[in-house]
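Engineer: Dumping the structure here so I can ask a few things about it.
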Amino acid sequence: ATWMLTTIGAGSAKGKTKPFNYADSYSGSKLRDQCLAQIEMLKADPTDENNVQFTSKYATSHATQRGVVLRRIIQIYWRSPSYNMVRLLVSVIVALLFGSVYASQRVPRSEGDMNSRVTSIFITFLFLSVNAMNTVLAVFEVERNMFYRHKAALMYTEKALLLGFTLAELPFIILASFAFCLGFYFLVGFSTLFYKMALYFLFFTLNLGCWTFLGQMMMSLFRDSVTAQGFGGLMISLTSLFSGLLIRPDNLKGTFWVFMYWLMPGHYVLEGLVASQFHEDDTTIEANPGSPFFEFNNCTINQEEKCTGTAEDWIFVSFGGAFQWENVPWNVLYLVGLLISARLITWFALTKFNYLAK
């Protein structure tokens with residue numbers, strides 16, 4: 001206690017008096033000589049009585065580790081309103097901001113209306129993806145560095161930490177997704193069929209979960225949050241570019257970059273949201289003269305009546321037939337696989353890497 005007070009400048013020593021050096025004093029003391037002599041004696045004459053053994057590597061069972069770590073991380077999340085409340089508020093604000101645009105026109109009538117709705121779907125899930133990844137980095141970095149110390153002391157395993165973070169994150173991911181979907185979905189005027197609402201909520205929840213856990217994965221792979229944010233930003237950029245909206249799938253066929261379309265998660269999220277929402281949607285959409293949708297409906301420039309088709313057909317034509325209802329189960333499977341892969345890579349990085357300076 002005296003050494004600690006002296007080190008922080010709160011000891012009883014005043015002025016410029018040189019503080020007492022406990023390390024040097026112990027190095028030349030009889031106590032040190034006695035300890036070394038006892039150690040040499042035990043090493044020279046090993047017996048079953050002085051052989052120190054433990055039944056396991058850790059002081060407690062794996063079940064106890066998981067339970068204690070989970071309770072600790074849940075308390076940390078509950079006491080971190082700057083992290084959890086902010087992402088909930090961002091979800092609500094984004095939902096109201098983009099959803100209010102369609103409050104006066106909840107039913108699409110033209111190709112422009114359809115394109116506007118698909119673009120809004122794309123922007124909202126991408127915006128909240130960026131928010132999910134960036135906000136989790138600082139939180140996980142603090143706990144990761146603390147884990148390095150706990151790991152050195154053999155307090156608990158990487159699996160206990162990983163399980164704790166996974167279970168602690170899930171309620172907030174679901175709540176953030178629900179808060180967004182509740183505001184955005186009905187303001188835009190999407191379908192009230194239960195299976196369509198459920199699939200929209202499912203894909204949005206999987207999207208937030210993927211980017212949250214990908215953020216933790218990046219933070220476990222790299223030394224600091226700046227580096228992790230850089231690589232995360234690169235992944236966000238690629239997934240936005242190759243999601244199928246900015247560059248349509250039919251324009252990627254036969255090119256070198258087509259593999260990015262199949263690799264990046266944005267494609268599967270956007271296809272799942274769009275294909276499930278407009279499945280069997282017979283809303284009448286007026287085609288623009290000369291557009292692919294116009295030609296798909298076998299219309300001519302000189303015809304008197306308006307050229308129209310359905311919303312489902314517009315999705316089919318707009319994405320070159322790539323976004324289909326039959327692909328929805330595969331989209332779910334890919335996103336679940338990405339979630340599991342992100343957790344496995346995080347576990348591997350926590351096991352093999354240690355960026356603690358001291």
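Every residue gets a Cβ built from N, Cα and C, even glycine.
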Engineer: TrEMBL tags one of 28-49, 226-247 as transmembrane segment - which one?
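Structural biologist: Feature transmembrane segment in TrEMBL: residues 226-247.
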Engineer: With Cβ distances under 8 Å as the criterion, find the stretch in 118-140, 161-187, 193-214, 226-247 that has the most pairs with the transmembrane segment (332-350).
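Structural biologist: Most Cβ pairs under 8 Å with the transmembrane segment (332-350) come from 193-214.
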Engineer: Against which stretches of its own chain does the transmembrane segment (118-140) lie, if we need a Cβ under 8 Å and a gap of at least six residues from its ends?
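Structural biologist: Sequence-remote neighbours of the transmembrane segment (118-140) are 80, 83, 86-87, 90-91, 94-95, 98, 101-102, 165, 173, 176, 180, 184, 188, 204, 207-208, 210-212, 214-216, 218-220, 225, 228-229, 232, 236, 239-240, 243, 245, 266, 269-270, 273-274, 277, 315, 318.
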Engineer: Hey, which bits of the same chain come close to the transmembrane segment (226-247), Cβ under 8 Å, at least six residues off its ends?
Structural biologist: 118-119, 122, 126, 129-130, 133-134, 137, 141, 214-215, 218-219, 257, 260-261, 263-267, 269-271, 319, 322-323
Engineer: Going along the chain, which residues at least six beyond the ends of the transmembrane segment (193-214) come within the CB cut-off of under 8 Å?
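Structural biologist: Those are 125, 128-130, 132-133, 136, 166, 169-170, 173-174, 176-178, 180-181, 185, 232, 235, 265, 269, 272-273, 276-277, 279, 328, 331-332, 335-336, 338-339, 342-343, 346, in sequence order.
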Engineer: Mind checking which residues of the chain, 6+ beyond the ends of the transmembrane segment (85-103), have their Cβ under 8 Å from one of its Cβ atoms?
Structural biologist: 116-117, 120, 123-124, 127-128, 131-132, 135, 172, 175-177, 179-189
